[in-house]
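TrEMBL annotations:
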- 32-71: domain 'RING-type' (DOMAIN)
- 94-147: zinc finger (ZN_FING)
- 94-147: domain 'TRAF-type' (DOMAIN)
- 179-248: coiled coil (COILED)
Amino acid sequence: MMTFSSTRSVPKECVLLSSKGVMEELGSTLKCGLCSDFIENNRECLKCNALFCNACLGQWMKEYKSCPNCKVAVASCEEGFVFNSVVHRLVNNLEVMCPNANKGCTNPVVKRSDYWCHVERECKGRTVQCPNCKFGCNFDGTALELETHLVDECLFEKELVKNYIANFSGDQSNYAKVNELLSADNLQLQRDIEAVTKRLEMTAQDLQNQKEQNVQLVKQKEALQQQIQQLKEQMLQQDKIIQQLQMQLQQIMVPPQIVQPLVQQIPPTTNTEFKEFLPPPPPYSPSPNMSYIQPPPMVVLPPKNLDSTVKQFGPNSKVGKPTNTEVNGWEAVLEVDDSITVGDNVKGFTKHGNVEKKFSGFIRNGVMDVNVDWSDGRRAKYFANNVELISGAPIRLAFVIVAVGKQGGAVGDEGLNSTVAFRFKIKKNVTSQDHVKSLVRGVLYGLIAGDHNHGPQAMGIIVAKQLVQLQQEQLPSNSVDTASSTRVFLDHPHSLLNNIFSDYLIWYYHKHVGWDDTGQIGKLIFSSFPLLKSTNSNNNYFQTHDSVKEQYLEKIIQSAKIDQDLNGQTGGVNPAHRNVILSMFRGWSSMDELLQLAQMETRMTHYSWFAVEVSMLQNYICRRWIESAALSSLDSTNQNEIQMVPPLSIVTICKTLWNNFKISTISHNEKVFQKNY
């Protein structure tokens, strides 16, 4: 007979089942090892006998596949855990306190398994409503109180009220049946109405669509008739354009045997070797020695609109009387420090007789706001806009009298000083060379920022490489400077340009990326082999003028042929911004030469005169802007007497360009347009 090792038997009457230690140990045993709450639907580990809730264990096993207590790996809950019926009975037999023990509950302690049944259905202390609440009874109390309420208080439990409710319920049932039948009839009628309405809408829409189609057909017929007429006119124009292009091509395509005599007719030391291949320079090209064009006097409106209510001075309407009546108008020299970007940057002093005048205020971004203080107590403010800081530029000012001394009008009078002339003197706080470098650097940054096909960067690198190589070949190593570079360049200008242009075309041809920027026309131009003559094998700046001109002529002829094949559409190819690099190289001594070079580069790659004009305008704007602070005489002994060309904005440059050349430009463009189109 098998025996088990055990402690000696203890009398059962001596076991303290209700002792504190037993209850605490039992309570901790019946709690889940994961959620620390009493176990629901328990599972016991076969290895360590740890107990867990089935739901908690399922969540754990999804991630870890092991026992939370002993960490023994198991494939599933069914493999390593079993249900313990003893634990289940112990948990369910735990006694719990009813939450309504203080509200009249007659059985405050119940088993855990009976808790919810007791609380929701049996407890006399639970909160309930009167079953007659649907008829309007507002009772709200415990189940124990409800019993008293139904017997003694509820009106709806009275016999008379019960009978009335029973009769009313029967009638209500009959009415409900009648309403149900009527609702069915109404629903069917509504469906019939919707079907008829939908058919009517479809018919109306069909009629509207048919009407619109008829209108469209009429319009298409008219448009086709107009297109037919336009095509007929275009065919006539194309015939004329073809004839004109054939004539132009015959003029440009010089036979090879004529090239040598043509070259010999031009002195080898001049800078006009290529002019016979180019259109005449535009009428707005300034001569090399021409100073910047002075703008005409600018009429400026005063701060307020002059009308009949404003006191007027002078013989003519709306012409102000000079505030200094001792002279007919006056001239002042203002010193403007354009390095000051905030606050006043104007000062000046003048004296006429015994009367002194002091000036203060600012001139910035084309706006003038200057205070004038007389020694006799008078005061005025002068206003102007669109002001260019150009020495000696006359500007008509609007004025308002602020304070009156011995002379002048009343305070608040305003008008126009038609005879006032200002002569500006500019004081620079930045050296010319540093400022030019800063401006050129700014232009380069702007080009690179918008350079998505690397054309400007390539042009800049090619120009720099050619200049360095030119210096190395022509000068001793200790004499390389800007002035010498310019001098050497002037001895061999077109050889250098031929190398720059050729290297750029070679770079573009071998790039193979970015041709989608140029479109089909650009592909034809830049992928044309006759345009390519590399300087790598023959980078000699002593090429004969005949050789250089012959190379350039080949490029011009090829460009003209492409333009002819495309019916003159190379004008639609933007010369981009790569040739703006040319404006930064000050080896060209005048604006004329820069514009001529812009013509050469664009004529070679685009041919059309319209593209040439865009290229010239780009270079003109950049050169004017860069040289706005670079044309001072640095050899002057008295720095205070330096008369410097003031900074110019692009708006100012374009306005000056348009004001001075618009008549001749319009006339020239009209002739070109009429000739070509």
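Note: Cβ is positioned from N, Cα and C throughout, glycine not excepted.
For the domain 'RING-type' (32-71), same-chain residues at least 6 beyond its ends with a Cβ under 8 Å from one of its own Cβ atoms are 77, 80-84, 87-88, 91, 94, 112. Residue counts of the zinc finger (94-147) by helix, strand and coil are 22 helix, 12 strand, 20 coil (DSSP-based).
Mean pLDDT, taken over the domain 'TRAF-type' (94-147), works out to 83 on the 0 to 100 scale.
Assigned with DSSP, the residues of the domain 'RING-type' (32-71) fall into helix, strand and coil as follows: 10 helix, 9 strand, 21 coil.
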